[in-house]
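*Asks:* TrEMBL feature annotations, pasted as is:
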- 18-28: compositional bias 'Basic and acidic residues' (COMPBIAS)
- 18-113: region 'Disordered' (REGION)
- 128-150: transmembrane segment (TRANSMEM)
- 240-257: transmembrane segment (TRANSMEM)
- 262-281: transmembrane segment (TRANSMEM)
- 326-344: transmembrane segment (TRANSMEM)
- 385-409: transmembrane segment (TRANSMEM)
- 421-445: transmembrane segment (TRANSMEM)
- 502-524: transmembrane segment (TRANSMEM)
- 569-592: transmembrane segment (TRANSMEM)
- 604-622: transmembrane segment (TRANSMEM)
Amino acid sequence: MNLGSSIFIDISRIQQQREPEVLGERARASQRVHPCYQRRRQRLQTQENKPRRSLGLQPRAGRRVRTDPCQTDSRPPPNNMTTLRHRRASRGKEPAAAEVQPQQHSNCCTHHHHPDGSLQGDWSWGSIIWTSVGLSVSVGLGLLCCIYVATLHENDLWFSNIKEVEREISFRTECGLYYSYYKQMLQAPSVQEGLLELIHDNLTESRRTINLLQRMNIYQEVFLSVLYRSLPIKTYLEPVYFYIYTVFSLQAVYVIALYLTAWLLSGSWLAGALAGVWYILNRVDTTRVEFTISLRENWSLPFLALQVAAITCYLRPQLTSLQQKVMVWLMFVTTFCFCLTWQFNQFILLVQALIIYSLDCVDLLTTSQVTTLYLVQVSGLLSVWLLQFCNSMILGSLVLSFIVAALFVRHCQADLKVGGLLVRLSKILLHSVLVFLLTFIINYLTKKALQVRSDEHIFKFIKSKFAFRPTRDFDASLYLCEEAFGLLPLDTLERLADTLLLYPYIPTLLLLSGTLAIAALKNLSRSEGGSEEKDGAAEAFRPDVAYNLLHTLLYGLVAFSTMRMKYIWTGHMCAVAAHGVCSAELWTLLLRALRCNSRILLRIVRYAVPLLVIGFLYFKFWPKLMNELSELREFYDPDTVELMTWISTKTPKQAVFAGSMQLLAGIKLCTGRVLTNHPHYEDKDLRDRTRQIMDGPGENDPDLAPAQHPRFCEAVQTDGAAYAALFTRTFQNKTFHVYRLKKKRRKTPRSLSESAAAP
């Protein structure tokens, strides 16, 4: 044993002594390479030294790019040149992970990503056919979703067979208010007169003339009315069907956008198909379009999904300059359409800006990408600001203040990304404090200068919801008493688990979150001009995956805090879960952990699992969907129909109505009468008008005392003397009571003398 050990040691010493000689022979051999190989090597070296088009994967200062295969491999030159030719064919990619950074194999989100076909620039016939099939499937799923929700709407109301007034009553709450402006534009003698009526409206709020195009997000109703007037379809399609079919068609756009996002993330259009199937099967939690057609979110969320798909594509590597410009324009158009169609756009974009800020802090986005994404948001908001007649609520939004503060502090703090881990963390902490402090200062000064108070009820609601202040505030209580603004019910997760959506989503979320944390720490540990090993680790996490991960995390938190916001989260959740099922990187990590990793097995598993999931969902839910589509109901609300008919026929057109905000929206649509208030609550004067009686001596007085008078709605029905002197009942049925306010008679001097003489 001792002899064997000594022999082994001697041999190892001989090898150590000969190693410099062998390296010298290899170096001399590499200098004697055939001239043809030398010219090819020089061309490849020139190409690899060029700035890379891969977004977020730019070579950093001090990076040493190894281009001589003879210095890294002892294989014969022909094999080396085969490897080099392969790398040249996929120009723009990073070198293989085994040649640059061996430990990158453990990362599930490296940028070595191989999407299908033409999405990667492969224009062979096979790739074109395969990509065409994928695009066709996306359109098919989108149309399927559109037809599905349209059929549910028809079956639930028997919409095609009910009277016009019943159709209009089916537009509940604020949906009726928005649809009334579409109807008003169609009834106007011309488009110009209709626009003037909207700009100088005195029917929506009595004794006030307001600009509806400035106050509300109703440009979609204006656009549809102009389009309906222009197209030769009046004899074939009623105006109401043109409206609802347009909204249902946007659901097809929504599904296609989620499909493309999942396809771009995973590299397989099977992921997109799975995302579309999950969206349709989880309809209860992904959309409510079939019974709230005119809600602003049903117009805006499809554009938000398109914007996320455009951002995902923009953050992918290997985009040419032209492709980047196209993606920037797509991001701007979709952001603009999203902001134009929903008044809560600023709060959604604020979360998105925080995602961009976080990725910038951990070096997962380049300076150019961060600035571009910020400017796209600013451009979209300012364009809407101009169209909405300089709506001060947009200029006073937190997202604009945050973007200005982030760009300013980033410009001033030039050495933010220099130093070790602790230095970088302390700088990020200081940087964040400065950004948020400057954000609130800018926002406060802007609102003071412009006297913006339109969105203060939103902040009251947030403060009250998270117990930052008592909940006695009227505006906050108005939201908190609604179930839709409560916490997300746990049965939502049960329904998501029933369709198998939750099971791949949670592991994907955990795995990607852990990998992102590791990549962020490696990036922060790397000082500027650091070693090649650290630079390789910095490029380990794909920025498009990182953005979508933070997107689903933050909007998931918003959804859990407010149930109504779940529709922003659940749709994107389908795309992320589908990426987890079809991702080559995640499956590679799992198979490597099971010690059975091979290219053939990876391909089989990657395509077999989503097909098995889709097959399981088909056999489990197809009978349920057919049963759901076979259920026929009919709209039936005779009391409301009777009320609207009475108002239209028995009251003057100048009559003013007060009541609940939900009912008044329907009165505006069905009768065109003047209102005192309405459900669009983004106005301080309207909120003050809605709040008629204070419930205590102070706004937030914790000591509540019983009121000295009964509730008005109950007391007025008793026909007591005090109420009978002021109100006259003019209409009554089982549900509604209508009272007319008596006019005060002016007393003449004679009547005054008689009154004074009366006993």
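Cβ coordinates come from backbone N, Cα and C, glycine included.
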*Asks:* Let me spell it out: take the transmembrane segment (240-257), skip the flanking residues so only those 6+ beyond its ends count, and list any with a Cβ under 8 Å from a Cβ in it.
*Replies:* 138-139, 141-143, 145-146, 149-150, 153, 164, 167, 179, 182, 224, 228, 233, 276, 279-280, 287, 289, 293-294, 298-299, 301-302, 305-306, 308-309, 571
*Asks:* Can at least 3 Cβ pairs under 8 A be found between the transmembrane segment (262-281) and the transmembrane segment (385-409), with each pair 6 or more apart in sequence?
*Replies:* no
*Asks:* What parts of the chain pack near the transmembrane segment (385-409), using Cβ distances under 8 Å and only residues at least 6 beyond its ends?
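*Replies:* For the transmembrane segment (385-409), the nonlocal Cβ contacts are 211, 213-215, 217, 219, 340, 343, 346-347, 349-350, 353-354, 357, 371, 374, 377-378, 431, 434-436, 438-440, 442-443, 446-447, 450-452, 454-455, 682.
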*Asks:* I need to check the long-range neighbours of the transmembrane segment (569-592): which residues 6 or more away from its ends have a CB within less than 8 Å of a CB in the stretch?
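*Replies:* Same-chain contacts beyond the ends: 105-110, 112-114, 254, 258, 261-262, 265-268, 270-272, 274-276, 278-279, 282, 285-287, 301, 305, 308, 496, 501-502, 504-505, 507-509, 511, 545, 548-549, 551-552, 555-556, 558-559, 598, 601-602, 605-606, 609-610, 613.
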